């Protein structure tokens, strides 16, 4: 059975989801029937085809009025600003991938359902009353057919939570801290301009900029036992894609660098192979651009202090890896039934 999906919001994640669908060869399983985006149709087609981060999309893309063609596939373009006005029922939409970055409350998901969708998947952390938050590769097996309003978490939770799980299962984590070294985002300024967050009033290309993060809360949502045992900070750096996460954890079991790297390398070759990768090559951030894994461990940067303090450096393409996990989760939501 082919799943009929709609994408609500055709920004960075929405476009990457569509592109990842075509590049990953999953079109037999997922069909995009509609995209809702307030922007004009010509701009939507142009930005799908030509991307400053991921390069040209290697499919024929054209737009005729409010229809986007990718190859021979026709996708209806909508420009509604209110979820309640979206014709998901008329279009036979099974799952809405809400990539707007605006919506994330249960009431928002319920509006998608009222408009005729069978299920909703948010591309960002949602409110605590959603049916589930899924970090694919860690807890996706907990999805149930009655889970209709679901969140995919964030790019950073998808990156770090698999590593936390692996370290905890192997060495028993007691507590931890996380520093996210994140590429610039579109909520920052090109040149100095007003923003409610005074640090984000400053030009993104000129500074390393500390920003607030709810990553610690995201970790606790997946692993309640770590409540009050993880803290996180985040800085934005002047690159347009790929994020590094510095994870430090104290563990119960005595370990060495070799112990940690051997375990992570085995996981990357085993059950986590599509989620986690491992490298000891002397790479830099741009080398991980367009990498579909949620997390890539840089084994050259692993450190152990006093046998119980582990520091790891983990890379992720914060757009492409996350877009691929959204597709994985979409397929899982369909397989368990409507």
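Just so you know, glycine gets a Cβ as well, placed from its N, Cα and C.
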Listed co-binder of substrate (same site as 154, 155, 156, 213, 214, 236, source Swiss-Prot) among 200, 229, 266: 200
Near residue 214 (substrate binding site), which recorded positions out of 12, 13, 182, 318 have their CA within 10 Å? none
Round to a whole number and give the Cα-to-Cα distance in Å for the pair residue 154 (substrate binding site) and residue 182 (site 'Activates thiol group during catalysis'). 12
Inside 8 A of the center formed by the CB atoms of 12, 13, 318, which other residues of the chain have their CB, for the recorded NAD(+) site? 11, 16, 123, 155, 319, 322, 323
Where residue 318 (NAD(+) binding site) falls in three-state DSSP terms: coil
